[in-house]
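Trainee: Handing you this structure, nothing more for now.
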Amino acid sequence: MSRVIDEVQTTIELADWSIIGFVVRIRLMLKKISQDEISKEDLMRNLEYAAQVLETVYIDETRRLCDEEDELSEVEPDAVPSEVRDWLALTFTRSMSNIKRRGGDKPKFRSVAHAIRAGIMVDRIYRRMSSTVGLHVPPNVLLLLKNLDDWSFDVFSVNEAGDGHALKYVGYELLQRYDLIAKFKINTQTLDGFLIKLEQGYSKHCNPYHNLVHAADVTQTTHHVLTQSGLALWLTDLEILATLVAAMIHDYEHTGTTNNFHINTSSEVALLYNDRAVLENHHVSAAFRLMKDDDHNILTSLKKEEYRDFRSLVIDIVLATDMSYHFQQIKNMKNLLSMPENIDKSKALSLIVHCADISHPAKDWNLHFKWTELLIEEFFRQATFMTGVLLQQGDREAEMGLPISPLCDRKNTMVAESQIGFIDFIVDPSFQVMGDMLERVVTPLQQRNTISEEVNFERADKATSTTSLTSHCSTPSTPRSPDSPGGSSLALLNNDVTA
């Protein structure tokens, strides 16, 4: 309960002192009602005006918050060291195996808007506490999760504060923010069990890089792109759920070795998936097998058609994280952008999660440096027991008579050069294409919202143009709830106001 009080107090600090005047006015009306000093007609006019003000501000604030060829063959031979070039070619090809609001669009009722945001936050906290028996988020983790919308979100700090449960807390918080737990009637204890099992799967091989912290980071980065670009308005609730779940499971039970290593060593998983997207097929298959268990099935409320659509989208997104598909994925999106047809949602979301998967070079230096150290450590790490001795992947390959994979030779790998090549030829072109795709999709959405906002602001101006509280302006229409965080709180807020 103390945690709830602390969160409420923190939220209420957002409100302006000028809101007190609005509260005093309402209480004065209540006092007159209790003393039978107000007529029914005056009461109705007062309530109608109050509803107009609150609805207008809520609509505006909800929308404002929601707004809130590169082939390696073309690279000059001397542009990047040969080892880095080989690694890029082997990993990322198949050949070798913010739109902001206009400055004038400012809320008309800022102080009331703060109060409404405070009310929404309090309502979310109440619903979370009332529906999550046995699922406790430590206060120090909650404090860090307040920065979940940031691009350079420090997931390492969350993992440390949460005793190694970064994926559980980030995943749960995001599903709450999008109100997906309530919309899809997800049992919170089942969700808790599912997230814990995911974390156990990510910890199975003790990977320095491909672990639960990486999964939490990719999920958070995906969320950032969806919300800060406004793309969430383009998606249904089911598509958002599928995208977040795909990000959470995209490296589930990763072995810490590459697809090429599995193929070259004829591992069981390579034989199972016929050398095609070996690890990616395993990630998505193992996750769906996990969800067949009733104790970990978070999809029980989905109808048959919804489950089919959910499963199809998750499979598409996870398989698209196969790095050997990278250049083909970028080329396909460029082709789509050159055509007048609408962008396919599956391809758009697959590109976003893929970019989130390789995004750490675009984040703050301290985060990028730490991720790079962990990735190189995984390349060098002692991977498995062979004749009682722990050997790294490069050592295992040498012992088996296989070519040593690029960047897996501890003595000769050039870390700085490898990252420069990775940024120049993989990350930067990918983000350029993703930016073009987002602009293509979101710009029409923003234009439609701008027109609607201008109408609402015009109505708001008319509502406040009279000096009397008994204005007879027409009530603004309620927009379709956007499929993004906060978009479904209007009915709950209206219930609280009515009560």
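Yeah, the Cβs are placed from backbone N, Cα and C, and that goes for glycine too.
Okay, these came from TrEMBL:
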| type | residues | note |
| --- | --- | --- |
| DOMAIN | 133-463 | domain 'PDEase' |
| BINDING | His210, Asn211, Leu212, Val213, His214, Asp251, Asp357, Gln419 | AMP binding site |
| ACT_SITE | His210 | active site, proton donor |
| BINDING | His214, His250, Asp251, Asp357 | Zn(2+) 1 binding site |
| BINDING | Asp251 | Zn(2+) 2 binding site |
| REGION | 460-499 | region 'Disordered' |
| COMPBIAS | 464-489 | compositional bias 'Low complexity' |
Trainee: So which of the binding-site residues is most packed in, judged by how many other Cβ atoms lie within 10 Å of its Cβ, out of Asp251, Asp357?
Mentor: Asp251
Trainee: Can you tell me how far the Cα of Leu212 (AMP binding site) sits from the Cα of His250 (Zn(2+) 1 binding site), in Å?
Mentor: 10
Trainee: Neighbour count, 10 Å Cβ-Cβ cut-off, for Leu212 (AMP binding site): what number do you get?
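Mentor: By my count, 27.
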Trainee: Using the CB centroid of His214, His250, Asp251, Asp357 as the Zn(2+) 1 site centre, which other residues of the same chain sit with their CB within 8 A?
Mentor: His210, Ala215, Val218, Ala247, His254, Thr321
Trainee: Whole-number Å only: compute the distance from the Cα of Val213 (AMP binding site) to the Cα of His250 (Zn(2+) 1 binding site).
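Mentor: It is 12 Å, counting Cα to Cα.
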Trainee: By a simple count of other Cβ atoms within 10 Å, which of His210, His250, the binding-site residues in the record, is least packed?
Mentor: His210
Trainee: As a test of the contact definition, list every same-chain residue at least 6 positions from His214 (AMP binding site) whose Cβ is closer than 8 Å to its Cβ.
Mentor: Tyr202, Asp251
Trainee: Distance between Asn211 (AMP binding site) and His250 (Zn(2+) 1 binding site) at the Cα atoms, whole Å?
Mentor: 11
Trainee: Calculate the distance in Å between the alpha carbons (Cα) of His250 (Zn(2+) 1 binding site) and Asp357 (AMP binding site), and round it to a whole number.
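Mentor: Cα to Cα, His250 (Zn(2+) 1 binding site) and Asp357 (AMP binding site) are separated by 9 Å.
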Trainee: Which has the fewest other CB atoms in a 10 Å radius around its CB: Asn211, Gln419, the listed binding-site residues?
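Mentor: It is Gln419 that, of the binding-site residues Asn211, Gln419, has the fewest other Cβ atoms within 10 Å.
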Trainee: I'd like the Cβ neighbour count for Val213 (AMP binding site), meaning other Cβ atoms within 10 Å of its Cβ, all protein chains included.
Mentor: 25
